[in-house]
Amino acid sequence: MAASLSGKKIVFVTGNAKKLEEVIQILGDKFPCTLVAQKIDLPEYQGEPDEISIRKCQEAARQVQGPVLVEDTCLCFNALGGLPGPYIKWFLEKLKPEGLHQLLAGFQDKSAYALCTFALSTGDPSEPVRLFRGRTSGRIVVPRGCRDFGWDPCFQPDGYEQTYAEMPKAEKNTISHRFQALLELQEYFGNLTPLGASDDHSG
């Protein structure tokens with residue numbers, strides 16, 4: 001799949017200019033494809049994260065009739081058995097970062113993890129969707145920092161004193177769940193020497 005996509009334009013499904021900017025910054029200028037943002041209305045599927053990513057990517061490819069890259073992000077609270085998980089968008093809209101923190105008010109365990117999954121399709125329905133995953137562990141804290149990027153103000157990654165929102169963008173882009181997933185994508189396209197044995201990402 002990587003060879004067939006090299007040099008081509010890939011539609012990155014997002015209406016968020018900041019997200020596109022961050023993805024391009026992480027991938028760097030050696031990435032062999034051109035990412036173009038396009039907002040596409042996709043159904044809100046339910047299920048496990050991988051299943052949701054694959055179905056969204058297949059539907060986006062059907063609409064675009066060409067190569068697409070779809071991102072799904074989960075924020076999972078261990079005390080809540082992994083919720084909000086893939087439904088974080090709706091929780092955030094209703095509760096804001098303060099409400100997310102308050103969800104754990106009755107629990108000692110404030111640990112959480114952010115999971116990012118990029119799903120890639122060539123646009124050919126006969127080819128499998130490939131998944132690239134990244135995960136960052138941390139904890140949910142009282143919101144701190146800039147409020148222009150989702151739940152970043154209330155997520156503090158393990159080993160750091162700052163929330164995602166307080167970190168300089170360049171620093172966040174070297175540790176985030178999105179960075180780790182995009183690193184897998186880069187390795188798939190052969191831009192980086194693999195850091196270790198990787199899982200099978202076939203969907």
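Please read every residue number as a count from 1 along the shown chain.
Yeah, the Cβs are placed from backbone N, Cα and C, and that goes for glycine too.
Note that TrEMBL annotation is computational and uncurated.
Here is what TrEMBL says about this protein:
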BINDING   14-19, K56, 72-73, 149-152, K172, 177-178  ITP binding site
BINDING   E44, D72  Mg(2+) binding site
MOD_RES   A2  N-acetylalanine
Identify, among the binding-site residues E44, D72, D152, the residue whose Cβ has the fewest other Cβ atoms within 10 Å in this structure. E44
Counting distance between Cα atoms, which of the binding-site residues N16, D152, H177 is nearest E44 (Mg(2+) binding site)? N16
Sparsest-packed among the binding-site residues, when each Cβ's other Cβ atoms within 10 Å are tallied, from T14, T73: T14
Fill in the CA-CA distance, K18 (ITP binding site) to D72 (Mg(2+) binding site), as an integer in Å. 15
List the same-chain residues at least 6 positions away in sequence whose Cβ sits under 8 Å from the Cβ of H177 (ITP binding site), in sequence order, or say none. T73, Y113, A114, L115, C116, G134, R135, T136
Across K18, K56, listed as binding-site residues, the smallest other-CB tally within 10 A is for K18
How long is the line from the C-alpha of T14 (ITP binding site) to the C-alpha of D72 (Mg(2+) binding site), rounded to the nearest angstrom? 10
One should report the C-alpha separation between G150 (ITP binding site) and D72 (Mg(2+) binding site), rounded to whole angstrom, as 13
Length of the line joining the Cα atoms of D72 (Mg(2+) binding site) and D152 (ITP binding site), in Å: 15
Among all protein chains shown, how many Cβ atoms are found within 10 Å of the Cβ of G150 (ITP binding site), not counting that one? 19
Check K18 (ITP binding site) against DSSP and tell me helix, strand or coil, would you? helix
Need the DSSP three-state call for G150 (ITP binding site) to compare against my parser. coil
